[in-house]
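Copied from TrEMBL, the annotated features are:
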{"type": "COMPBIAS", "residues": "427-439", "note": "compositional bias 'Polar residues'"}
{"type": "DOMAIN", "residues": "109-600", "note": "domain 'Citrate transporter-like'"}
{"type": "REGION", "residues": "422-462", "note": "region 'Disordered'"}
{"type": "TRANSMEM", "residues": "12-35", "note": "transmembrane segment"}
{"type": "TRANSMEM", "residues": "97-119", "note": "transmembrane segment"}
{"type": "TRANSMEM", "residues": "140-162", "note": "transmembrane segment"}
{"type": "TRANSMEM", "residues": "182-211", "note": "transmembrane segment"}
{"type": "TRANSMEM", "residues": "223-240", "note": "transmembrane segment"}
{"type": "TRANSMEM", "residues": "260-284", "note": "transmembrane segment"}
{"type": "TRANSMEM", "residues": "341-359", "note": "transmembrane segment"}
{"type": "TRANSMEM", "residues": "371-392", "note": "transmembrane segment"}
{"type": "TRANSMEM", "residues": "519-544", "note": "transmembrane segment"}
{"type": "TRANSMEM", "residues": "564-584", "note": "transmembrane segment"}
{"type": "TRANSMEM", "residues": "621-649", "note": "transmembrane segment"}
{"type": "TRANSMEM", "residues": "669-687", "note": "transmembrane segment"}
Amino acid sequence: MQNDLNTAQIRDWHSIFTLILFVFANIVVLVPFTVPFPFPRFLVDAARSLLVVLRVLPPRDPQSGPVTCGIQQSKQPSKVIREGSATVRRGPGALLLWYRLPVNFITGPLLAVLLLLATKSIGRVEVHDGTIGANNIMPLEVLAFFITLAYIAISVDASGLIRYIAFKVLQKGGGHGRRLFLYLYAFFFALSTCIGNDPIILSGTPFLAYMTRISRNIKDPKAWIYTQFAVSNVGSAILVSSNPTNLVLAAAFEIKFIEYTANVIVPVIASTMVLAPFLLYVLFRDDALVPPSIELHVLPEEARRKIPVNPNIPNARGQADDNEDMAMLEEIMNPYLDKSGAIFGSVIMAATLITILVLNASTPIRHQHPVYWITLPAACIMLCWDLTFGWLHRKQTRDIARAGSKVSAPPGERDTVALREIDTGQRQRQSTIDPQQSFEPRDSDTSDAVDGQPKTSAVSVPQKLLRKRTTDTLGLHCDVPPPPAKPTATASHYTVPTTLVSLVAGAWKWCRETFPTATAVLASLPLPLIPFALCMFILCQSLVTKGWVGVFAYGWDHWVSRTGPVGAVGGMMFVSILLCNFAGTNIGTTILISRVVQAWVEIHANTSGDPISQRTFWATIYSMAIGVNYGAFSTAFSASLAGLLWRSILARKNIHVMGWEFMRVNCPIIAVATIVASAVLVGEVYITRSTAAYAGM
């Protein structure tokens, strides 16, 4: 560590290049973009032909004529068009395909790490310490703990418990708008404290979107959705297990979980109590946002008597687009609840958290085992429960899924469903096509048009299926014309082979219909967090070895030596909240600041100057803990992965939140919450901490 504090090495070009790429990796999290790149078309053709031979992809329909890379060959002059994710040139002169590579919070940090390795700016030490761990920060252990605990929490959510309790809160609030607002505020805060903010975002956001839509007098949902997002992030600051940022911080400074909670709970609850009336009577005081009384549409008695359907089953509600508002009303006023799954999941979650807290509090820091040793078996038990429950009820869930699939599929797409059944082996593997055979057209077929001409019965159903299959598989959405309507004199035979793609698609469909809860939970796990967090750990470790963390540590030391504990609280709150928006979400901010504070402690350990006082050190640590949680609802969606998830869920519910509006609404919220929490934390550290020297970790 002493060598890492050598700030003279920042003049080396490797150090400068490392800092540039670290900044780049954080910028792309804030502002993702795409990079176009050309690819020779003959290579794409050759690769696709090889995959067809290997039975990975299905062959193209021979009836549709020669198609190259999803582009039909034509004698017309070439022209540039955009299809799907590729910008291509049609015609004989098209030699290149232009694709767009997304550079986002996953690929950006990964690209930065690969460039550092390619230029030998970093090596084995940085990669090892950034993944296996160094200085008490063990990335793999942190991620294993968070992912396994997230499975339990999301499984509880998938049982319908959160939405059912929210429905009961809605009933309790009755028609009183402000009382319902406070009830939901307290509900989301308490729940995020126990299970974290991700399940609240996953389940609470759609609930509020539906509730505000079926209300007659809520003109704008922003009061409800912004309050839910803010309070769920505030509540996740209390327990170490509620947020991965808390895990990183507690591990970095060897803080017992119960001690962490005891030190942050008072400032967090104080800011929560002040924030509620501020939101209700100041920021969202307009009656159009939170009306004195809420008028909800009444659910018909017939719909109320319906047995709720598990929303995790694919196509569970069938053709819900005919009356979307009624479907939303049913989902809120007649929610699904798997009682056995909810009870079992709640017991597993409570037992896991209690076991973690008890063992962490009773075991000395130096002899503690990784906490994922507790959460991993618990997650496996929960997974076994979900799989067993799904298998025992497989006939019922499969019937619901298949009935809903038939109802929800438009008439023009039911043939595509039939083709998928062929691919998955549910029909005969080989189909014989007789162009002389024609089929009676449906009303929907004769009413549609292709290229301005009405469809006729001379186009056989299998030919239409195969044509759709070509475009769906390639994903380029080519305008392949239909085969000639005039039948030929000779019969042709075409085999629809079973491929790896069809096998995987069929297997996933079978799993979703047989194990709906388990597959829904697995699909909702924050797995993109793993590559992002590991790359950010490696990049931060690169800053340590290149001397930049030492520079930041000396700067922090100069600040606190002049401002004391009050400056430590205010400065760290400001820096941590600011960096959440510009340093790779609050996870990247926690990793970076933890390394800086560790270097700051090392500076004083290696010098004979004034030691760090207990009061100043713990003021720094707990202000960072609160700041990285509060920073998630500040000025940018990318301040946290939960913010990106929240925005995407709202967009799917036709609620589009602009970046400038997100910043404008959240700025007063974060200002009030930060000021209150900082004031209470300053008083707390002056009461509970002495001026004795901090002995180190």
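Heads up, residue numbers simply count up from 1 along the chain you see.
Using N, Cα and C of the backbone, Cβ positions are placed for all residues, glycine too.
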The transmembrane segment (519-544) and the transmembrane segment (223-240) contact flag, 3+ Cβ pairs under 8 angstroms:
no
When counting C-beta pairs under 8 angstroms to the transmembrane segment (371-392), the leading stretch of 97-119, 140-162, 341-359, 564-584 is 140-162
Stretch-level contact, the transmembrane segment (621-649) and the transmembrane segment (341-359), CB cutoff 8 A, at least 3 pairs
no
The transmembrane segment (341-359) touching the transmembrane segment (140-162) per 3+ Cβ pairs under 8 Å rule
yes
Taking the transmembrane segment (260-284) as the first stretch and the transmembrane segment (223-240) as the second, find out whether 3 or more Cβ pairs fall under 8 Å, excluding pairs closer than 6 in sequence.
yes
Which sequence positions outside the transmembrane segment (341-359), separated from its termini by at least 6 residues, show Cβ-Cβ distances below 8 Å to it?
149, 152-153, 155-156, 158-161, 164, 194-195, 239, 241, 257-258, 368-369, 371, 374-375, 378, 381-382, 385-386, 389, 517
Contact set of the transmembrane segment (12-35) with the rest of its chain, CB cutoff 8 A exclusive, min separation 6+ beyond the ends, reads 100-105, 107-109, 111-112, 115-116, 119-122, 535-536, 539-540, 542-543, 546-548, 581-585, 588, 636, 638
Could you give the residue numbers and ranges of same-chain residues that sit at least 6 residues beyond the transmembrane segment (564-584) on either side and whose C-beta is under 8 angstroms from one of its C-beta atoms?
25-27, 29-30, 105, 109, 532, 536, 556, 592-593, 613, 615-616, 619-620, 623-624, 626-628, 630-632, 634-636, 638-640, 670, 674, 677-678, 681-682, 685-686
